[in-house]
Amino acid sequence: MGIKGLTKLLADNAPKAMKEQKFESYFGRRIAVDASMSIYQFLIVVGRTGMETLTNEAGEVTSHLQGMFNRTIRLLEAGIKPVYVFDGKPPDLKKQELAKRYSKREDATKELTEAVEEGDKDAIEKFSKRTVKVTKQHNEECKRLLRLMGVPVVEAPCEAEAECAALCINDMVYAVASEDMDSLTFGAPRFLRHLMDPSSKKIPVMEFEVAKVLEELELTMDQFIDLCILSGCDYCDSIKGIGGQTALKLIRQHGSIESILENINKDRYQIPEDWPYQEARRLFKEPNVTLDIPELKWNAPDEEGLVQFLVKENGFNQDRVTKAIEKIKFAKNKSSQGRLESFFKPVVSTSVPLKRKDTSEKPTKAVANKKTKGAGGKKK
């Protein structure tokens, strides 16, 4: 789920913290990618028609491999250096959210069965997507594919979004790419949406800067974390009746969840029983991450390994895979130039921030202070 309604909240209240960027703007940049979110998108979109998906001869789904292969090649061709980060064990506080997701998939499965019996194509399309789940096998197959492509893989001890943010905070990558906004709450200095969009539409990349988010919202990082918890996150329920705009107003007025709880109208707003907001806050401020990872390297592709895995084991077209390998090799040579050309021909965003209402209040700048395990990182 991520942070409920955060994109719209920022568009309405912190437009200067958001800017559209071209794909090519990130030439030579290391980008940490939330792998599970990308795989989920590929399973939903790539090669899907109703209940039909891409499969190999054994009937195993290959949409995630097709999507990961093609999208990663596009990143490499643009000179981007992706680092895919995979989820580890979820925190205990997330079990309730995972149980909700399981229940929703069960309901969708029942609805899908009825839609199939009725021959309702639109309903089949809708409910089949809601039954999608990223499995351990999907993750392991994508890790194998990426390593064969010469692309670095990081296995997070816990949440991938937190690990991505830690890599960015410690200058091991330039930005974090995902569709869920959690990485901003974990303090990632730069966050990118739509970089991994698998649709055929050319959607511009949306870049967020956490420092500008805080400045525009006139909040400290601690207050921003409380805002995200109030808006709705994966770690606990939110207060019924309080959405993003109300949460922002309350945080600006009272400064913290504790102060809000002391002053809120409890007849109007129902506080969740045994609400673990303090533990949720701790998970955002002190996530379980590691920087003790192998040096990030983008190696030459294992051509024989890719043919074996994609063509022989998963039924991919031999000619297409061979041509794709050539693209990877060419892209690697191109990216070895680094960002030297930026000294002569910088890529500048042509977007104009959305307008917002004038405010007479003086914004307060704040800097995220995150705790991570391990030592410092490499230059991004």
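Glycine residues also receive a Cβ, built from the backbone N, Cα and C atoms like all the rest.
Over the region 'N-domain' (1-105), the average per-residue pLDDT in this prediction is 84. What Swiss-Prot records for 1-105 is region 'N-domain'.
Swiss-Prot lists ASP34, ASP87, GLU159, GLU161 with the feature Mg(2+) 1 binding site. According to its DSSP assignment, GLU159 (Mg(2+) 1 binding site) is coil.
If you take the C-beta of GLU159 (Mg(2+) 1 binding site) and look for same-chain residues 6 or more apart in sequence within under 8 angstroms, you find ASP87, GLY88, PRO90, PRO91, ASP182, PHE186, PRO287, ASN288. Taken from Swiss-Prot, the feature DNA binding site applies to ARG71, GLU159, GLY232, ASP234, supported by sequence analysis.
Under the heading region 'I-domain', Swiss-Prot lists 123-254.
Residues or ranges marked as Mg(2+) 2 binding site by Swiss-Prot on the basis of sequence analysis: ASP180, ASP182, ASP234. Note on ASP182 (Mg(2+) 2 binding site): other Cβ atoms within 10 Å of its Cβ, all shown chains, come to 28.
The region 'Interaction with PCNA' annotation in Swiss-Prot covers 336-344 and rests on sequence analysis.
The annotation region 'Disordered' is assigned in Swiss-Prot to 351-380.
Feature annotation from Swiss-Prot assigns compositional bias 'Basic and acidic residues' to 355-364.
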Nearest of the binding-site residues (ASP180, GLY232, ASP234) to GLU161 (Mg(2+) 1 binding site) - Cα to Cα: ASP180
Run through the region 'I-domain' (123-254) and tell me, per DSSP, how many residues are helix, strand and coil. 66 helix, 16 strand, 50 coil
For a quick check of understanding: among the binding-site residues GLU161, ASP180, ASP234, which residue's Cβ has the most other Cβ atoms within 10 Å? GLU161
Measure from the CA atom of ASP234 (DNA binding site) to the CA atom of ASP180 (Mg(2+) 2 binding site) and give the result in Å, rounded to a whole number. 11
